[in-house]
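As recorded in TrEMBL, the features of this protein are as follows:
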type	residues	note
REGION	1-20	region 'Disordered'
BINDING	S81, N132, E174, N181, Y205, Y255, V273	substrate binding site
Amino acid sequence: MTATAVPPRPRSTADPGRPGLGALLEDLVRAHRPTRALGSVPGSIPHLAEVDHTRFGIAVAMASGEVFEAGDAAVPFSVQSISKVFSLALALGHDGGSGLWSRVHREPSGTAFNSLVQLEAERGIPRNPFINAGALVVTDHLIDAVGDASGEVLRLLAAPSGRGAVNEDAFAAELARSGRNLALAHLLADLGNLRNPADAVVHHYVRQCSVEMSCADVARAGLFLADDGVGPGGRVVSPAVAKRLGAVMLTCGMYDAAGEFAYRVGLPSKSGVGGGILAIVPGVCAVCVWSPRLDAHGNSIAGAAALAELAERTGWSIF
Ligand SMILES: NC(=O)CC[C@H](N)C(=O)O
């Protein structure tokens, strides 16, 4: 019997190349930079209410090393929940997922990212690592593994660019209004799914959310997710972990709008209430878009629209 070679997994080979991609990003800035303050900004993070609603940046970090940028792609913004991908990558890197996945599920939540009700009903096992309850469990896990969990997340985010820092004022302001995240942490503890003190876990979690970086630097930092676990500075996670991170991003990365976003854009993505979205084109590139005004789910209105057009015009949807 002759062995039949397994055909390679088809990947998107679409790559508009230079100058095509640069011109396309400029088009997206012209088409999607907001002129009116539509939607909202989160009330619990005062710092985010001050950001100019006309901000719009987009950057694409190619696996080949090139980075394309347009609009406000060099302006630092608050990464917020985008940081959850990086803390999950670190936590999985430390135990391969065996211990962590018994403490948090991998299903879309279908409820608000900061819901307490679902956590109570499901006896302290959060639906996924990208809702706040799940991210608190990941942070708790990471504290056990490395101690300075938020410091490690910042190091991973900043590694490719050498840039990125906690905005200390924003951190202090959000920490002072963290009643809901503290409630989630105490409920987790009460239900036996927190090992460290609730306030220490919330401290590290809010600190990693308060990191500020530009679209170009977030795209560089996220490249390992698109390139089998290897980033600009070397291997971050195994190919198997990179694949799983992409799966969780696709199903759970856009809060309870993950289904709609997969339909419109078709890329594993993670958004943050700072208005950023990190999207992955497996084998090709990482994209980061930022515009601060949010829809009712907490996703950037202009960012999601721009990613939909980018996926349409490049053929980069994974489907
Ligand atoms: N979804 C988000 O980006 C939320 C992050 C924010 N720091 C919070 O905990 O509420």
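The backbone N, Cα and C atoms fix where each Cβ goes, and this holds for glycine too.
TrEMBL entries are annotated by machine, without manual review.
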Check the binding-site residues S81, N132, N181, Y205, Y255, V273 for any whose Cβ is under 6 angstroms from an atom of ligand 1, and report them in sequence order.
S81, N132, N181, V273
Which residues in the same chain, at least 6 apart in sequence, have a Cβ under 8 Å from the Cβ of V273 (substrate binding site)?
V41, P42, I45, L48, Q80, S81, L294, G298
Going by a 10 angstroms cut-off between Cβ atoms, which of the binding-site residues Y205, Y255 has the sparsest surroundings?
Y255
Can you tell me the three-state DSSP label for E174 (substrate binding site)?
helix
Around the Cβ of S81 (substrate binding site), the count of other Cβ atoms that are within 10 Å:
24
